[in-house]
Structure formats: structure tokens, C-alpha cells
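**Q** Here it is, the structure, as C-alpha cells.
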Amino acid sequence: PLGVRVELHLVYSLICAVGLMGNTAVICVILRAPKLKTVTHVFILNLAVADGLFTLVLPASIAEHVLQHWPFGELLCKLVLAIDHGNIFSSAYFLAAMSLDRYLVVLATARSRRVPWRTLRGAKVASLCVWLGVAVAVLPFFTFASVYSNELQVLSCGLSFPQPERTWFQASRIYTLVLGFAVPMCTLCVLYADLLRRLRALRLHSGAKALGKARRKVTLLVLAVLAVGLLCWTPFHLASVVALTTDLPQTPLVIVISYVVTSLSYASSCLNPFLYAFLDNGFQKSLRTFCCEPNRRR
């Protein structure tokens, strides 16, 4: 429906604008603030880069919706679809990395132990490994992405699979569902279940009992980012399960629901900066300093 398409353009444009500005601010603040040179902020920086890359190519998708055809050529089509799918994998695995880091820190603190191996260098190496894994994971999508003429002889950017096309489509959905959701989320569930079990079994020392104010806040921030990620991405992956197991007719209601689910997954790219602004005191102070610098120079 035309009304739905117009609203979709507005929603995508809002996500793009807010996400691009928010993630750019996060990247600039973390890179320039000495106090934010921490392991957690290394992962936050990489998550912001992943979200920023996605919002950077989102205007191409908006243009395709507005123009009702793909005007940008084959190479940009491949890049857009690769970054689009890369955002699914990078979001999941950087959230997993942040959660694993919190798991190890909380566990070590509960036992009144230090974590000497937890360094900035280690976090950077871990981030590099995530990016390499994401690059490998999106290679199939880059390969199969192409500009093709649909049934209305209109140029579209999408995944063009060989025959049997339905089988390849289902395989791509299963691939994304397993690697981009099931594996990292199952890992997180195991980690947090194990953490709860261990904490119940431990008699915490009085000094470790409260974890410390600063560490509690960082843990809260990571849990909030994880919760938003799950809220935004779970409907998308559940929709993939429905697409794999049923043959739904393309009714207006189904199309609207698919748009809502897709918009919700896109929204994850612009919500995280607000979490940092509200829950991360160090980020708040660094952001204020960053914003006040131009006024001080005048």
C-alpha cells in the first residue's frame, strides 16, 4: 500500500539520520577521550562502527524503495547487501564478546581475583577476529548479490540464487539464523546460566559482594545493550523461522508485519548511542567535553 510505503520511507530515513549521527558521535568521543580507553569501550567502539557502516548504506535502500527500482549498479548492490548482512553477524558477535567479557569480570570479582589477561590489546585482537569472521560470513551474500529484472521488468538489487532457487533461499535463511542468532544467543544463555550457578555456590567476600559501583554500572550497560539487541533482532529471526516453515501468502497484513520486523532490526543501529548517553557516566562526561570544545576555541 502507498501509505505504508511512505511511512516506511520516513521510518528508514529517521533511523538512518539518528543512527548515523549517534554512532558517529560515539566513535568520535571514544577515540578522543582518554578515560574511555577500556576493554568494554573497545567493543562498544566496534559495535558503533558496524552500526555506522550500516546506516551509511541505508540511503541506497531508501532510494530503491522511493524510486521503485535499483539505480546504483552491481558493485554498490553487492556492497549494500554484504554490509546489511554483516550488520546481523557483527551485532550478534560484538554483543557476545561484551557479554563474555562481563561474565569473566563478574566471575573473577566474585572470587576476589584480578583478571591480568584482560587488556586493551586483547580486546583489539578479539575485535579483529570478529571482523575477520564477519567478512568470511558475508562472502556468500556478496557473491550472490546482483542486479536483476523482476517479473515487472524492473531492476532490483537482491540475492540471485541458482536453481533450485527455493532450496538456496532456505539455505541462506538457515545459515543466517544459525550463525547470526542461534550460536551467539545459545552461547550467551550458557554463560549467564553458568554465572548464576557459580555465584549461588560461592560465598562472596565482603569486598566483592557488591562488585563495586563502577563495575555494576558497566555490567548494567552491557546487559541493557544486550536486551535491546535481543528485542530488535529476535522478531527478525523468528520471522525467518516462519518463512522457512510455512508458505504465507503475501497479503497486505503479512507485508506490513514484515516491514515492521525489518524496521525493528534496523532500529538497533540507532538505539545503542542513547543507552551509552543515559547509562555510561564516563561517556556522558566525555560527550559533554567533546561538545563544549568548539565553544572554548571561540
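Each Cβ is built from the backbone N, Cα and C atoms, and glycine gets one as well.
TrEMBL entries are annotated by machine, without manual review.
Note that the structure is a prediction, hence the values are computed from the model and not measured.
Summarising the annotation, TrEMBL assigns domain 'G-protein coupled receptors family 1 profile' to 22-276. If you look up TrEMBL, you'll see 12-31, 43-62, 88-110, 122-145, 174-197, 218-236, 256-279 marked as transmembrane segment.
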**Q** In the same chain, who gets a Cβ under 8 Å from the transmembrane segment (256-279) while lying at least 6 residues past its ends?
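**A** Residues 1, 4, 8, 11-12, 15, 18-19, 22-23, 25-26, 44, 47-48, 51-52, 54-55, 58, 87-88, 91, 217, 220-221, 224-225, 228-229, 231-233, 235-236, 239, 287 contact the transmembrane segment (256-279) from elsewhere in the chain.
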**Q** Pairs 6 or more apart in sequence, C-beta under 8 angstroms, 3 or more of them: is that satisfied by the transmembrane segment (174-197) and the transmembrane segment (88-110)?
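**A** Since 3 or more Cβ pairs under 8 Å link them, the transmembrane segment (174-197) and the transmembrane segment (88-110) do come into contact.
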**Q** Among 12-31, 88-110, 122-145, which stretch has the highest count of C-beta pairs below 8 Å with the transmembrane segment (218-236)?
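**A** Per the Cβ count, the answer is 88-110.
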**Q** Are the transmembrane segment (122-145) and the transmembrane segment (88-110) near each other by the rule of at least 3 C-beta pairs under 8 angstroms (pairs 6 or more apart)?
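**A** Yes, the transmembrane segment (88-110) and the transmembrane segment (122-145) are in contact.
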**Q** Who are the chain neighbours of the transmembrane segment (122-145) in space, where the CB to CB distance is under 8 Å and they lie at least 6 residues beyond its ends?
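**A** For the transmembrane segment (122-145), the nonlocal Cβ contacts are 39, 42-43, 46, 50, 77-86, 89-90, 93-94, 97, 101, 157-161, 168, 172, 175, 179-180.
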**Q** Which whole number is the mean pLDDT over the domain 'G-protein coupled receptors family 1 profile' (22-276)?
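**A** It averages 85.
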